[in-house]
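In what follows, a structure is listed as structure tokens, so that the remarks can point back to it.
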């Protein structure tokens with residue numbers, strides 16, 4: 001069609017000239033638009049650039065701005081939720097508005113606000129241009145709306161008497177109330193800061209003397225009220241150190257969980273976001289009354305380790321069935337116990353399962369004291385593990401192959417379900433084919449979902465490690481482009497890559513990458 005019009009233009013008498021005039025007029029119109037401070041909207045989102053940015057700040061008390069790149073997949077994924085949030089806020093006449101800046105075109109704004117990845121969201125309050133607040137909420141419409149609502153109004157409800165306090169506390173399963181003698185003091189301000197950030201809890205605040213007396217308090221205290229377990233948990237404010245927002249947030253996360261959680265689709269996010277360093281798991285079949293009765297001893301042991309170990313019941317016939325392969329288990333192994341150290345996914349098990357509360361406490365303490373070795377998974381080595389160009393390693397055979405002092409061993413640690421691993425599979429096979437006749441080079445792979453190593457922790461898939469020949473048990477992680485030629489350069493250069501000219505970076509983005517910290521968007525590696 002384009003070629004046809006190009007040929008027809010001259011024959012139709014002067015079409016080219018008219019098109020040039022129209023194009024020039026359109027160009028001038030766009031230039032006028034850019035130079036104007038007029039603020040246009042797309043789906044209730046303000047379209048901002050360097051000529052209207054100051055006006056937008058002056059007209060809106062709270063302005064959450066997304067700095068984006070048109071090519072950024074994360075930005076494209078966020079766009080519908082961002083527009084929906086903008087519409088909800090406008091419909092409820094909120095003082096908060098949403099805006100967006102194409103940071104690849106508006107490089108002056110990108111530089112001014114230190115934009116190095118996409119999308120980056122910043123909140124501007126009361127026209128202040130110099131100290132925007134980084135967005136810390138969820139990247140969905142509800143998360144954006146709630147985050148801004150907490151900043152548009154008071155983050156905690158003022159409770160003035162015993163009746164309003166009682167009604168507030170009974171209104172939900174979990175509420176947090178800060179009791180402060182001075183609501184303008186530093187401790188109270190730190191409390192309001194926490195209330196603005198922890199969006200899934202409801203916060204109240206009180207300073208009336210009768211409320212201190214009603215709830216048995218004599219000094220500044222933050223109280224967590226629950227309709228389960230212990231009904232009231234007090235966190236007194238240290239008079240010397242004051243109230244640390246990060247520590248209070250951690251305590252609220254820990255104590256807002258039930259003493260013993262059940263692993264379900266609804267609770268899984270709570271379980272993993274609590275950041276409790278160890279998880280003690282009771283695997284059982286809930287359809288068995290005999291196995292259900294084991295929860296009593298499990299629960300009795302839990303209170304001794306609140307905050308250090310999270311106790312979780314996993315139904316092997318329910319939602320927990322999906323996690324069994326991670327432990328090398330089947331439903332037939334229930335009932336059984338496992339303790340997981342969350343920082344490295346090390347798993348520990350009793351020599352013989354004992355479900356009494358005393359035995360569980362003793363086992364956990366022994367693990368915490370470093371007296372128990374982790375239980376490492378290992379598949380059985382395939383009979384043909386070394387007949388193909390890519391050698392197949394398992395936990396039991398890894399040491400003898402990877403640390404063979406006569407070989408340079410390049411290992412891919414992968415997960416069968418990982419799309420990035422699947423995408424590079426052909427390149428890894430081709431690499432192995434290229435080096436299959438080299439006696440000093442071994443190309444291997446290991447399924448890290450079925451095999452674990454004592455001194456090597458795999459945090460993401462795929463992970464590539466190079467084990468050079470010679471003494472010393474050395475290991476080098478490969479972190480460059482995953483293609484055959486780059487792999488070959490790495491191997492031929494003895495486990496390093498030759499120096500190359502620096503990569504040209506995208507203007508306004510010091511990394512040239514999309515934001516790897518956006519929740520739920522996936523990055524260059526699938527995290528475990």
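Cβ coordinates come from backbone N, Cα and C, glycine included.
Annotated domain 'Thioredoxin' per TrEMBL: 3-153 (among others), in sequence order.
What TrEMBL records for 72-75 (among others) is disulfide bond.
Taken from TrEMBL, the feature domain 'Thioredoxin' covers 367-496 (among others).
The feature disulfide bond is assigned by TrEMBL to 418-421 (among others). Cβ neighbour count for residue 418 (disulfide bond) (all protein chains, 10 Å cutoff from its Cβ): 18.
For 491-528, the entry in TrEMBL reads region 'Disordered'.
What TrEMBL lists as compositional bias 'Polar residues' is 506-518.
Cα of residue 418 (disulfide bond) to Cα of residue 72 (disulfide bond): a distance of 22 Å. Within 10 Å of the C-beta of residue 75 (disulfide bond) there are 24 other C-beta atoms, taking all protein chains into account. Here the domain 'Thioredoxin' (367-496) is broken down by DSSP into helix, strand and coil counts: 33 helix, 28 strand, 69 coil. Counting Cβ atoms from all protein chains shown, residue 421 (disulfide bond) has 23 others lying within 10 Å of its own Cβ.
Counted within 10 Å of its Cβ, the other Cβ atoms near residue 72 (disulfide bond) come to 22, all protein chains included. Between the CA atoms of residue 75 (disulfide bond) and residue 421 (disulfide bond) there is a gap of 25 Å.
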